[in-house]
């Protein structure tokens, strides 16, 4: 049986708007196993981003806990959560957020350098990832010189540069045409399987969702299977 990498246990997340308290996550339970790619398919406004941010330790649960690699993270200090997030969690968004003044290679090197990896090793790792994503020849190009699909491939490579345990993606193909989206999805899926990541992918694309290991949605603040 595959190892459980991340688990949400009875997670609650509330926001206060004026006199009202909005409950976004209400006792949410969810887990991801190593090498598993799960689609999160839910309408806008139901809490997809909140779920991703809570799972990725960007937001702290109001109740319940997030267990990452066997470690309870919900009540850790901000510094401890930041360190775990940098080491163990990768994020990909609909818009790539690549640094425009740096090349594709340098963008992928950046998180490794921040972690303290020597520049030569970071460059070698970045080049390997670009080759794996089939855009090695574009290593010296800046984001503005890349197509939308190429930009997202660089963003995915950057997200996994530090070999995280978990990849969380919020509409990673939402800004791409269907053909390009399919190519990017295939590259992402191959990377997940090859590296043994656990991946949660929020998407409105039902065709891509059907190609993942399983699908879940959000209903009344809970994670339920589709």
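We count from 1, first residue shown onward.
A Cβ is built for glycine as well, from the same backbone N, Cα and C atoms used for every other residue.
Worth saying up front: this structure is predicted, and the values here are computed from it rather than measured.
Feature list (source: Swiss-Prot):
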DOMAIN    6-226  domain 'ABC transporter'
BINDING   42, 43, 44, 45, 46, 47, 48, 49  ATP binding site
Binding-site residues listed as 44, 46, 49, least Cβ neighbours within 10 Å: 44
List of residues, in chain order, with Cβ under 8 A from that of residue 42 (ATP binding site) and at least 6 apart: 48, 202, 217, 218
Binding-site residues compared (43, 47) - the one with the fewest other Cβ atoms within 10 Å: 43
DSSP-derived class (H/G/I helix, E/B strand, else coil) of residue 48 (ATP binding site): helix
Beyond the site residues 42, 43, 44, 45, 46, 47, 48, 49: chain residues whose C-beta lies within 8 Å of the centroid, for ATP: 218
Residues satisfying Cβ distance under 8 Å from residue 45 (ATP binding site), sequence separation of at least 6: none
Average model confidence [pLDDT] within the domain 'ABC transporter' (6-226): 91
